[in-house]
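The ATP binding site annotation in TrEMBL covers Pro32, Asn33, Gly34, Cys35, Gly36, Lys37, Ser38, Asn39. What TrEMBL lists as coiled coil is 170-264, 325-478, 634-692, 749-894. The domain 'RecF/RecN/SMC N-terminal' feature in TrEMBL is assigned to 3-139, 708-1126.
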Amino acid sequence: MRLKHIKLAGFKSFVDPTKVAFPEQMTCIVGPNGCGKSNVIDAVRWVLGESSAKNLRGDAMTDVIFNGSQARKPVSQASVELVFDNSSGRIQGEFAAFNEISVKRVVTRDGQSIYLLNGAKCRRRDITDLFLGTGLGPRSYAIIEQGMISRLIESRPQELRVFIEEAAGISKYKERRKETESRMNRTRDNLERLTDVRDELGQQLAKLQRQAAAAQRYKTLKAQERELKAQLQALRWLHYQAQCDQLELRVQTEETELQRWVAEQRGSERGQTELREQEAAFKQAVDDIQQQFFRLNTETTRIEQQIQHSRTMQQQRQQQIAHQQRQLNDLADSLTADQEELEQLAFGREELDALLQEQGELKLLAEARVESAEEELQNWQDAWHQWQQRQHESQREHALQQAEINAAQQLIARLEARSQAITHELAEIPTLEPAQQQALAAEVEQLEQEQQAAQTELQRLDAEKVKTQEQLRQGQQRIDAERQHGQELAGRISSLQTLLESQGEVSSAEVAGAEGLLHELLQLPPDYQAAAEQALAQFLALPVLSSGSDLVANTLQASSEFRAPDYSLAAQQQGVCAQLPLLGHFALAANAEAASALLAAHTVLLAVLLPNGEVRGRAWWLGASAREGALQWQQQLQATLAERDEVLERLDDEQAARAEIEQLLQQTATMHEQQQQRLHAAGAQLAQKRERLAAFTEQQQATASRRERLRAEQDETALQLLAQQERIEQAEIKLLTFAERSFEDEPELERLQLRGEDLKRALQQHKQALQEAQQAFHQTQLQHSQLSSRMQHLEQGIRRHQQQQEQLTEHLRSLEDSEQEQADLELLGEELAQKLLAREEVEMQLQEARERLAGVSEELQVLNQGQSAVLERIARQQERVQAGKLELATARERGHALLDALQEMDIALKSVLETLPEDAEEKLWQQRLEDTSRKIQQLGAINLAALEEVEVQAERKAYLDAQHEDLTASLTTLEDAIKKIDRETRQRFKATFDQVNSDLQQLFPKVFGGGQAYLDLTEDDLLETGVTIMARPPGKKNSTIHLLSGGEKALTALALVFAIFRLNPAPFCLLDEVDAPLDDVNVGRFCRLVQEMSQSVQFIYISHNKIAMEMALHLAGVTMQEPGVSRLVAVDVEEALALAEA
């Protein structure tokens, strides 16, 4: 890759479109001073992405645009285009297939900068990425301009490191690392913000979940309450219906009874005394005969049970005798067979006992032989291991002594070389002057005082900033608390409004002429609201129409003609409620007695409300209910709205206060930033001075320490030389001793090997014999065990059979002794027949006596009712009939009222009865309804919108959780990428540094004709360490590179640049009068080095030196015949020399 040509237009002094071609590997640009030669170097630097106007010798980026001359006007834009030959494929990536690559930059007067790559617009970063690792860039080592030589040599370690990084091709790694760190920081910031949002959302979600659970619980309880209300109404309807049926039946019965008493009134009272005597005689006769009948019946039943039991027991005994006789016969046969088998097994076990004893003795003998052989073999193995260990120790010691000799010899050679080097270094150590150190120390002390003052002011601002931030945080906490309180109140308002809206199907806004709902307009003392909820439950949610409005279904209409009685609830109202006829049928009373008095005095009243929550009617009464209703909800809603207004007012005040604090915090932050900048500037200047002082002090200490260290090392080296020589002598003596010992141990080795083989064969034979004996013994032992087990089993069976035989014989004998019971059974049969005959006779007598007694009692009952008693009973019966009819009418009316209530709830009675449990009871259902209402009341304010909000927030929470996992994974990936980049950067930087250092040590003597130069690292960390350069021309012993002359510095810098070029040659190298400080001899060396390297690098240089001009393969001349306008001319060597001399 090489630079083919440059196109300039409007750039600095090149106002006209100009093309500068570079056809050869070495091109020299010549011309008089001030003609614009260096503008060519600036143009290249500018196109490659230079963003500092100072480095382009200007104050602003628009200074590169031609600003006019005496004869020309300023132009509006400047452009420079570099054309590269990429036929070698040096540029990789998407442009590797292009043989020619064009890079162009255009800047306009308004400051707009445009980059073009092969004619397509691109970013500055794309240009930078294109040349990363090639050595090209706005500030790379490939562009060496005027003054850069001194800056390169005198640059700080970190600045010099940049050139090594560019040569190593790790500048792209640094860019990627910088981008990766930026992405990591952004990822961490996003992760922190996401964590805060997740935490806040988690709290909100937890709260919403609780609210949603409460709302769901509220819905469930409300549905349950509605169902219980309907079922309770149905139960009450069933109760009243059953009551109506009973009352109808009772009325019919009472009427029949009334007619019967009227008929009996016409009877007679004769014969009452005679009939009572007959009745007493007949009762006594019935009692006597009945006692005799009960006694005979009891005896008959007892005898029958005894006969049945005796017959059953006799049948069971016969079956048991036959069964047990068969069992006795089977046991006798089994017992005989088991005894014969047991005798045979006993004979066989005696034979196995003898064989088992004989085999056991043989096994013990074989085990003893094996144990003896193993013990002998173990003794041999111990002896063999001891001999091997001695041999291994001898061999190891022999190797150690030999290695000791080799190491000592190598160390002696190094010590001798080091001793000579130390002598040479001691002679070259320079002596430093302390005057410069004292001056630097004074400057550092003054800067430290200035920094301390700035630090004190900064601390004051920090404290003020922290105080203001704390005030802001506290204010924000108060704002958050008020907002939270406001949200809770809003949720409570929403719940109360929802509860109020759920009371009716029609709102007041939907009905023309409606003043509002009844529960909104009704004015009641708080104590009477619970009673009003029961008495007016079906009317509270209805809209109230003003007088004269059209009547609409499900509404209440006021009447201007209505005059409310003084005692009524309407008389205590204002506005439209005072004209409601409905409220004229209700009144308020302090207690039950006053309520009864009002009801008795005013027939128009339907009910009276009491402060304890009870409602009293004429023939009915409702107890107090703990359930809240629309009136309580309306009152709570008004109180909550007032409280919300107060919260919003406090919130506005807190937000205004927070704005003032934020403004104060902004002012403090601005002052803090300004002071911080001043502190940073003072710190940077102080750090620079401290660095110079530390470097000087360190150099001084290093020189003294080095001198002492070298002298101590020289003494130590002499002592180590003597110690190593003595070490070699001792090791050689030990080697002779080991050789003699090894010769003496060979006969012992042969004897141990033969003895070991004999012992192993003997042990194998004894183990084989032992295994055979063990197998025989175990086989016999197994047979003996099986035989013994069988004999034990037979003996147990024989004993068990004998026991069973004895038990069966005894039981059979007891069964045969029970024949006496047959005679007793016959006697019981005869006795039973006699008792049965006697019981039939007594039963007939009892039936006759009862018939006579019944006849007499019936006659007496009719006659006992007197005329006056019958008349009184008739009167009472008539009152009962009338009372029953009144109760029946009341029960029917209450049943119809319950049906109306169900109809208002839009529930069919039939559906409720179909789902009503069979065991449902009114008291139990009333208790369940009160429990449900109490649970609803305990829930408090309900946010019904939470059910939908919790789903939305849950989805958002899941989305944020997934984002959190993605960001965490991304952060891990980025951290791994940073580690990989650091690892590759260290490897590349170390390899490049070593190579550049080696090339510098080779090129420096070539440039200077001798001397030495090297690079050194300032730190151990390869990622952060700086690079320093040390150079000593021939015959000089300077302690620092700053003591070199300008020409020596220039040659040293060139040697370093060319050393870098050897490792990573850039496509071209631009040199701007770098040979100016060199004499002819050094210019010649410089030219020869450039010629040598031009085989692989394209050189474009500006020079006034004729030797450098003669070296060039192509010359390009720049003139300024028109003031302020540069032009390109073709020149030959003679013209160039003339131009240079001019």
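Cβ coordinates come from backbone N, Cα and C, glycine included.
In this structure, Asn33 (ATP binding site) belongs to neither helix nor strand by DSSP; it is coil.
Summarising model confidence by region, the coiled coil (749-894) averages a pLDDT of 72. According to DSSP, the secondary structure content of the domain 'RecF/RecN/SMC N-terminal' (3-139) in residues is 29 helix, 45 strand, 63 coil.
Same-chain residues with CB within 8 A of the center of the Pro32, Asn33, Gly34, Cys35, Gly36, Lys37, Ser38, Asn39 CB atoms, the ATP site residues themselves not counted, are Ser13, Gly31, Val1118, Met1120, Ser1126. In this structure, of the binding-site residues Pro32, Gly34, Gly36, the smallest number of CB atoms within 10 A of the CB marks Gly34. Per-site Cβ counts within 10 Å over the binding-site residues Asn33, Ser38 peak at Ser38.
Listed in sequence order, the residues of the same chain lying 6 or more apart from Asn39 (ATP binding site) and placing their CB within less than 8 Å of its CB are Leu8, Phe11, Lys12, Ser13, Phe14, Ser1126. Sequence-distant contacts of Lys37 (ATP binding site), defined as residues of its own chain at least six apart whose C-beta falls under 8 angstroms from its C-beta, comprise Ile29, Val30, Gly31, Asp1072, Ile1102, Val1118. A 10 Å cutoff on Cβ-Cβ distances gives Cys35 (ATP binding site) a total of 20 other Cβ atoms nearby, all chains included.
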